[in-house]
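Peer 1: TrEMBL lists these features:
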type	residues	note
COMPBIAS	388-403	compositional bias 'Polar residues'
COMPBIAS	422-431	compositional bias 'Low complexity'
COMPBIAS	1140-1159	compositional bias 'Pro residues'
COMPBIAS	1160-1170	compositional bias 'Polar residues'
DOMAIN	60-121	domain 'Peroxin/Ferlin'
DOMAIN	133-166	domain 'Peroxin/Ferlin'
DOMAIN	833-894	domain 'Peroxin/Ferlin'
REGION	388-460	region 'Disordered'
REGION	851-882	region 'Disordered'
REGION	1133-1170	region 'Disordered'
Amino acid sequence: MIWAVDVYGRVYSLSTAGQRWERADDMLLELKRVTAGKGRCWGIGCDHHVYLNMMPSETPIRYREETYENQRWNPVDSFTDTLLPTDRWPWSDVTGMNPQPLHSFKLPSRSWEWEGDWYVDQTCGGEPSQTGGWEYAVDFPANFSPDKKWNSCVRRRRWIRYRRYIAQGTWAKIPLDNPRKPPLPLCDISCGGWEMSDQSGKYPYLWGVSQQGQVWFRDGIHPRVPEGSGWEEVEVPKEVAQLSAGPGDLLWALLWDGNLLVRTGLSLDSPTGTSWVEVESPGKEIEALHVAVGVSVVWVITKDYKVWFRRGVNSHNPCGSGWISIGGEMMMVDVGLNDQVWAVGEDRGLYFRMGVTPTEPSGNGWIPVLAQWGNNKEVVPPRNEFSGQLTEASQGSVLSCTDSDSEIGPSDPEKSSNETPVVEAAASSVVPLGGADTPSPPLKTEYTPSAAPQDAPKPFIPASDSFINSLVSDRDKTTTPQASIAELPQEEVEVSAPAQILPTPEAVGHDVPWMNVDLEGAEAARSAQVGARLSLSDGSAAATYALGTLETSQGVGEEDGPVWTWISGGGCDVDAERSSQISWLSPTGALTSSLSLTPVQSAAWSEQQQQEHREEISKKPLERSNSVWMRKGALRWWRDWKPQRWVDVSVALEQSTRSDGRKDSIFFVYYTQYDEKKYLHVFINEVTALVPVLWDCHYAFAVYTAQRTKQRWPLVLAAQTEKDMNDWLSLLCDRCCECRGIIGPPSRQALWSTTSKGDVMVHEPSFSLEATANTLACDLMFWRQVPGHLRCVESNSLGVVWGIGWDGTAWVYSGHCGQQPNPGDAAQTHQQTDVRSVHVYENQRWNPMTGYTDKGLPTDRPMWSDESGLKECTKGNTHPPSPQWSWVSEWAVDYNVPGGADKEGWQYAADFPVKCKITLRSPWQQVPPITLSDISLMPCLAQSRMEQIPVWALSDKGDVLCRLGVSPQNPAGSSWLHVGTDQPFKSISIGGANQVWAIAKDGAVFYRGSVSPQNPAGECWYHIPSPPRQTLRQLSVGRTSVFAVDENSNLWYRQGLTPSYPQGSAWELNSNNVTKVSVGPLDQVWIIADGVPGFPAEAPGAVCHRVGVGPMQPKGQSWDYGIGGGWEHISVRGNSAEAPRPPHPPTVGSPRSPLPQRPPTQVNGNVVGV
């Protein structure tokens, strides 16, 4: 049920099951404002009293009054009520501290009645008693029992009397609190907080604002005491004008200066909260006019009648994070159950916000509330005929809280009616603004235009109090001057037809734009309706106002409807789905409204004009307004501080869409610490990576930002199921890509990388990534995930991407790099499998008595551990890397560990591997049948044209292979060509101008000579000396440079590379702390660092960029550390996006160019194989 108040204080209710507004039975009742909750509605009367209307219920409201009769034994009179001076009162409460004789109990108000007389409770502790209800004890106070003993010197018994609340279904006045100071007069009240109460009963709290700007809280409200017991003042830093309490723990207040206050610390234990936080008004120059809150939403109206929605509001973050402008012009707004929104428009009509759901809390449009009025045609006597029955307070505030006649006109209704010209249309359809309460005086034809001053004040519509009028009195709104109805020629008035009735949606079609409610000019439109119902106030106000046109079965003009000033939906259980089933909210119901079109069009168009424009109106697009979309869920969070552990949290992704289509999103994490609600938030446009992480038996993923990357502490979250994790990852990744304008598959210039978990990540580079000045910081790079599971990935600038799984299977990317695939191709995926080994190590120590045993020293590593020996890992407690994996083998001794082992697998120091398998759908196509250990594609510039792309690889046995037939049209190629060697290899790379370098398993370096498009396999291997006392394990060749990594994680640079001597002259140490290196087509250098200096606890594997690399400085200058913690491989060999360079003066001599093909007759180094 919704409650509404018109400008004359009349209260109406509308049920979701009904179709007609019902006025309160008490015709003398006049309220200024109402606030509804579940099963009740509070109101402020024009007499400044607070009223309560409890909905009728089958369960009566009964309250038990109780008092205790206390007696003491003495030798003369036995037990009597003559007590010692130090004893409790003869009649007291259960504590004995407060006297409570039977005659002291009074009914709190006329809303209660006694059910019976006092009687003795014949039970003790809930059990029937045979002692007449007496409980005995040694002394006061003590533990009482029904057993009378020899030392029982005192006794007590409980007297009970019940009172019943008899004012259900009526408006009952709440009595003043005496002798406590009352907060009256109040100018605003709001009830809420029933969601904070426990299971014993959902009861609301009541807040009030006095006209002096004080905030008051109503104590003692309980299911058995609906009125409460007293008022408690809550200190505020500034004067408050209005407030709103939500069903939960949200409370916002509006200050007289237009700013807002938020109450924090609201809880069941502290219902009044702890402190206030000030929030600025949505408009910088426009002050706030009204505020309304729900469970997790805040709506605000500013003085220009614009509607605003507060983002990010939650019980953990009651202040929110920002304002969003919403379409429509409203005078006040109220948030009801399920965060549904009701409003009073600037045209004084009632509106409902359509489409409000938990995922879209801002809704998508306003529709009018279209309910019928009663059929009563009787003329209600003027208000002055029974004004003597009203209290003095109510007479002075029927129209407004102020007593200024300059605002509301003369107080005498008869005088006002006689001096005000009113136009009476045909069929007696014109009724003054007072509706049925005020008769229509006869038409006066004499009217002198000069009688109305040219500078007439702004039309004033009576409000239920002066609050809104005083707040908007300084509103500077330019309105189009409207001709007064009395200025119209009499002949034109007499022949005017009754008010136009718009066709129903069935006549017009179902495309009527209900969401496009144009409130601009509604007042002017209704004033311009010649045949509509009109009302004029006295000349000092010069108000011309027309009510909305409603199509009902009883016709127009039979009874006038209220002009609304207040609405409360706190007791109306409606949601977005059920709203379409309510007749007075459904656009296809029996009623329609002219507000589905613009009011000016509704007033001016005749039936013929409407007929001509029906098709145009039905095709008119809806006006887009800002909206908010939200997704909520429950995850677990790995707490940032010690002791680090998993914490259950609630999360929310909130996205706002502006009218121009721009979107921005915020991700919130809400948690509780020491019973205090807190939250974390991450702006989606600041997210740099969303990475699934390895965590024991958890579906976990990490959220990186630039700041968290610098701190080396990502936000780690875990879901209950794999589906939940994938859904959140997909949703967050889509929003990240959307805010950055990234769509479709990776581009040809993309950087590819893999994590230690096997996830494939890509980054779309910009020109600033490799610029010599203003280089993009590495921690600002955005990485997105590509479906698949691989150990390493290599690419080039022509869109060819190869990868190798952990089991050595070769895969080629089939996702159309750099292209917009056809819809059929985009959906084409392949089944991809990968197998990897999980190792645990058995450790033993030798002693002279028993030899090698599992009994170690206290300082030794665990007898079963991981490779590092720091973590205990047994065969029983070791799990697959993540729940997506499944075991496919049993534990076995590994005889092929690095360094060799004896016949029992011992290294003298054994390894027990077990294999696990993952299966997924991905855009990777398998390249059978040879398993690979390394692969390399020749880097080139994006404008290069090659019929075949050179691809070199190593098999898992160390054989060198060359792939033939690889092209952008056929990225998988056609066949493998074996290239002979005299020993197995472990790393290979091909650079610019077909330079092929390789490393043998013993660490020897080789260069392949005479490789060309005509001779793709080359002719022979040239041995290149390794760095002194170092064994190389991996290398990468760029356009003109070669970098290699040794077994000690040192990075080496090959000096002296020239077109005439491509093998170079010597190795130069460049850096340490490197596990992998990748050199791109621009000679850019990227590595996977073993760790980040200063963060020893971080997992190994961090993306790192060499800054300052250039033709004159090929080794670069410094390292820029980026995202880290578990990254396995990186490839920048597809990024040839070179930043534009300023023009340089022509150089002397031949310019530097890519390496030409070496003449086959030139010999460099020693030929070791053909």
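Any Cβ shown, glycine's included, is placed from N, Cα and C.
Curation plays no part in TrEMBL annotations; they are all automatic predictions.
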Peer 1: Can you tell me how the residues of the domain 'Peroxin/Ferlin' (833-894) break down into helix, strand and coil by DSSP?
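Peer 2: Going by DSSP assignments, the domain 'Peroxin/Ferlin' (833-894) contains 0 helix, 21 strand, 41 coil.
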Peer 1: Helix, strand, coil: count each for the residues of the domain 'Peroxin/Ferlin' (60-121), based on DSSP.
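Peer 2: In the domain 'Peroxin/Ferlin' (60-121), the DSSP-based counts are 3 helix, 24 strand, 35 coil.
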Peer 1: Pop the mean pLDDT for the domain 'Peroxin/Ferlin' (60-121) in here, whole number is fine.
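Peer 2: On average, pLDDT over the domain 'Peroxin/Ferlin' (60-121) sits at 92.
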Peer 1: What is the three-state DSSP composition of the domain 'Peroxin/Ferlin' (133-166), stated as helix, strand and coil residue counts?
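Peer 2: Helix (H, G, I), strand (E, B), coil: 0 helix, 16 strand, 18 coil.
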